[in-house]
Amino acid sequence: MWMHKKILLKLSGESLKGESSYGIDPRTIKKIAWEIKEIKDLGVKIAIIVGAGNLWRGRTGEELGMDRSQADYMGMLGTIMNSLALQDALEQTNTITRVMTAFPVSSVAEPYIRRKAIRHLEKDRVVILGAGAGSPYFSTDTAAALRAAELNIDVILMAKNNIEGVYNKDPKKHQDAVLIKHMKHQQILSQRLAVMDITAASLCLENNIDILVFNMLKKGNIKKVVLKEGNIGTVISSKGE
C-alpha cells in the first residue's frame with residue numbers, strides 16, 4: 001500500500017473545540033481520536049503536536065499588556081492540557097500513547113528526549129508532543145518542524161478547520177480565491193503566505209520536509225491524505241509537485 005509511513009500531525013487548538021467558542025468539545029476530540037486510530041491501525045508511525053488556541057491566544061496576552069514570554073509560557077501549558085485530553089481520548093480507543101513535553105511536568109508526562117521519542121515510535125506508540133518547542137517566541141508550527149526534523153518524519157500533516165488548503169488569497173475575504181494544489185517551501189517565504197510562520201517554513205525547506213495542508217473537519221480526510229488518495233489539500237515540497 002502506497003502511503004506516508006511516518007507522519008507528524010499538527011492539530012490546531014481550535015480543532016478540539018468543535019462548534020464551541022472555547023475549550024474542548026467531547027464529541028469532536030473523540031472523532032479525531034478514532035480517525036487517528038484508523039491510520040494507526042494501518043501501521044503508520046504517528047507523532048502529534050497540538051496548539052492551544054482553544055484555551056489561550058497570544059493576542060489576549062497583548063490586550064492584557066502581558067510580557068510576551070509570560071504569555072507564551074501560558075500557551076505552552078495550554079498545549080499540555082490539550083495533549084493530555086487527546087491522550088485520554090486515544091486511550092479510550094485502545095491506542096497506546098505517550099505524552100512528552102519540552103519542559104519537565106513529571107507528574108503527568110515524560111520529558112522530551114529525542115532518542116526516547118524515536119523508540120516510542122518504533123514500538124508503535126502514538127507520541128503526543130506538548131509544550132511546543134519549550135521556549136517563548138517559537139510557535140507550535142516551528143515546534144512541529146523542529147520535531148519532524150529530529151524524528152526523521154516523512155511529512156507534516158497540517159490539519160485546518162474548514163480550510164481546504166493554501167489559497168492565493170484569504171478565502172474568507174475573497175470569493176475568487178483559488179486553491180493552490182502544489183507549491184514550494186520558498187513560496188511561503190517569498191510571498192509570506194499565512195500557512196505557517198517563516199521560522200517553521202525555513203526549517204522545513206532546509207531539512208526537505210514535505211507539508212500537506214488539508215481540511216480535517218471532513219470525515220475521513222486524515223486517512224485519505226495518509227494514503228495519498230483523492231488529491232486533497234495543498235502539498236508543499238522542495239520540488240513544488
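Each residue, glycine too, has its Cβ placed from N, Cα and C.
Other Cβ atoms within 10 Å of the Cβ of Ser12 (ATP binding site) number 20 in total over all chains. Under the heading ATP binding site, Swiss-Prot lists Lys10, Leu11, Ser12, Gly13, Gly53, Arg57, Asn161, Tyr167, Asp170.
For Pro136 (UMP binding site), the count of additional Cβ atoms within 10 Å of its Cβ stands at 16 [all protein chains shown]. Positions annotated as UMP binding site by Swiss-Prot, on the basis of sequence analysis: Asp72, Ala133, Gly134, Ser135, Pro136, Tyr137, Phe138, Ser139, Thr140.
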Spatially closest candidate among Asp72, Gly134, Pro136, Phe138, Thr140, the listed binding-site residues, to Lys10 (ATP binding site) (Cα to Cα): Thr140
All-chain count of other Cβ atoms within 10 Å of Asp170 (ATP binding site): 10
Any further residue of that chain within 8 Å (Cβ to the Cβ centroid of Asp72, Ala133, Gly134, Ser135, Pro136, Tyr137, Phe138, Ser139, Thr140) of the recorded UMP site: Met76, Gly132, Thr142, Ala143
Most crowded position, judged by CB atoms within 10 A, among Lys10, Gly53, Asn161 as binding-site residues: Lys10
Cβ atoms near Gly134 (UMP binding site) (within 10 Å, other residues, all chains): 17
